[in-house]
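Before any comments, here is the structure.
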Amino acid sequence: MGPAETAPLLAGHEPHGVPPDSLASSLQQSPPSLSTPSLGPPTGSTHPKRLLSFWDGLALVLGLQIGSGIFVSPALVVRSVGSESTALLIWVIGGTLAWACAACYVEMGTRLPINGGPQEYLAYCFSDLFGFVASWGCIFTVKPCSGAVLALSIAEYACDALALVPEAGSGTPSSDRYLKTAALLVIALVTAINCAGNHLSNLSTKILLACKVGGVGFVIIMGFAVLVSSHISSSPTVAANVEPVSPDLGSYTDALLAAMWAYSGWETLAFVGGELQNPHRNIPRVINTAMVVVVLLSVFSNIAYFSVLSFDEIVRSTTIGLTFSEHFLGRAGGVAYTALICLSSFGTLNVKTFTAGRLTQAAAERGFLPPIVMTVANQGRDGSNNGDNGDNTDHRSVSSRSSCQAPLRQRMLGTFQRPLRFQDGTIPFSAIIFNSLLTCIFVLVGDLRSLISFIGIVEYWIVFLTLVGLLSLRFFPTPDQRTQTVTMPIFKVPVIVILVALLALGFMVILSIARHQLAGIGFMIFCVGSGVFHSFFIQPRGSATREVSRSYVD
């Protein structure tokens, strides 16, 4: 990657080495021009403090990437392409494409080290309309759909291992009813953990990450042991009782989407970059380290599956991890290993809930959602202001502001939140509850395959627009973007990487819409509807209210 360059100076950001007090006094003497575009929520809004270290960030990304994907996607990929060797190639291509997209997000993250992810990037590069549609796309589809897929996969593994549901995964009404009920209970538990505070959430993330690595490590070690010892011979490429697959371009797209879903999670730091310590140094380190680990683990895990299981077992199994473990550990051991898989997937859902809350919080601060959604717990149980940044800005949450004059419903909400305001005081309580409710809705109305297809269409359309914005910011900046600069390190991606990623993502989205027409129609309706809603109900904000608080920077 290229050397450091001049990066955009967001309104309200101090250059490195300039004390905050000096910057504040200079801003008071020379107020910013109303024509100066800037990012982020209005001045005086509540922002989480930078509490996440490099290892916290790495645990977040790995915790989101290493999850149910490696225990669900292999069967979907093989089922789509009809060959183990082709499936391995799909996993390599998917990992390379995910890494390219992650590198582009790293450059955007080091240019704009704030919370909110694509909604902030697109609002800065294009307009509030693009940021609004991307924000709603993530909040109302990508994040809750992903959480629903994870919750359903946990429920399916648990019910299959314990034989709680007859014909689990068969799609019958009775089995679906039990699976969805179990998935709703999983969502309720992970929501409670995240509402308990960042420290508890971070601790559970690291503990569950150890379970994830242990579970995937077992698959890799046992699979390669089989390869070396040859005690279990590999089955033929196509079993006799499996109908041969004749994949077309759409089938390869479905396989790539399934692999990319297993790799998803590299965008995590875009949503919590404002909470990462020293983001210009740690964001590239976290992403590159995580991608190396995850791509290697995914490829080796698939080799292990193909070494032990027949093609027939892989294609027909809805819980490939359980089927794999039973070859070595028997039924009882398979149940124990399934518990490890469920913990792994639960850790991924925990991280998704964490980042979804931050994304929703940033959207509400921009006015994209009702103010009640951006309620942030800022006070400890002793009543002290743990979120104080050393200035006189009122950083209290919406629910705690003017509580005596607030409506009864708002005062009741504030009372309910008060016991959950733990150590760091930066819990986006209302945003977490809001996203969890959306996740429950998708659990009730969807299934694994349909949800993964819909996620791919919406998510990679947003990534495509973000990469276009990166090119425009680098080569065609507006006069205001060009003048708002300060020297700081920037992680630069070669142009060829951006162009190849754009081409691949464009084909993926178009082919997916053509193959899954119902999901494509829903996607089109969502885009048009959210754009119309923004035009009629979202009041354009003057740039004077679009400053980024200096609490976003170190």
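Residue numbers in this text run from 1 along the chain shown.
Any Cβ shown, glycine's included, is placed from N, Cα and C.
Unlike curated entries, TrEMBL annotations are predicted automatically.
Between the stretches 130-151, 328-349, TrEMBL puts its transmembrane segment entry on 328-349. Taking Cβ pairs closer than 8 Å, the transmembrane segment (328-349) reaches residues 63-69, 71, 147, 150-151, 153-154, 157-158, 160-162, 186-187, 189-190, 204-205, 207-209, 211-212, 214-216, 218, 222, 265, 319, 321-322 in its own chain, all 6 or more past its ends. Spatially, the transmembrane segment (57-76) is adjacent to the transmembrane segment (209-232); three or more Cβ-Cβ distances between them are under 8 Å for residues at least 6 apart in sequence. Only sequence-distant pairs (6 or more apart) were considered; of these, at least three Cβ pairs between the transmembrane segment (88-109) and the transmembrane segment (286-308) are under 8 A, so the stretches are in contact. It is 493-514 that, among the stretches 178-197, 286-308, 426-445, 493-514, 520-538, forms the most Cβ pairs under 8 Å with the transmembrane segment (451-473).
Here the transmembrane segment (286-308) has Cβ contacts under 8 Å with residues 54, 57-58, 61-62, 65-66, 69-70, 74, 84, 87-88, 91-92, 95-96, 98-99, 102-103, 105-106, 216, 219-220, 222-224, 226-227, 232, 234, 259, 262-263, 265-266, 269, 276, 314, 320, 324, 327 of the same chain, all six or more residues outside its ends. If you look at the transmembrane segment (426-445) against the transmembrane segment (178-197), you find at least three C-beta pairs under 8 angstroms, all six or more positions apart, and that counts as contact. Between the transmembrane segment (520-538) and the stretches 178-197, 209-232, 493-514, it is 493-514 that has the most C-beta pairs under 8 angstroms. Same-chain neighbours of the transmembrane segment (209-232): 59, 62-63, 66-67, 70, 297, 300-301, 303-305, 307-308, 321, 324-325, 327-328, 337, 340-341, 343-344, 347-348, counting only residues six or more beyond its ends whose CB sits under 8 Å from a CB of the stretch.
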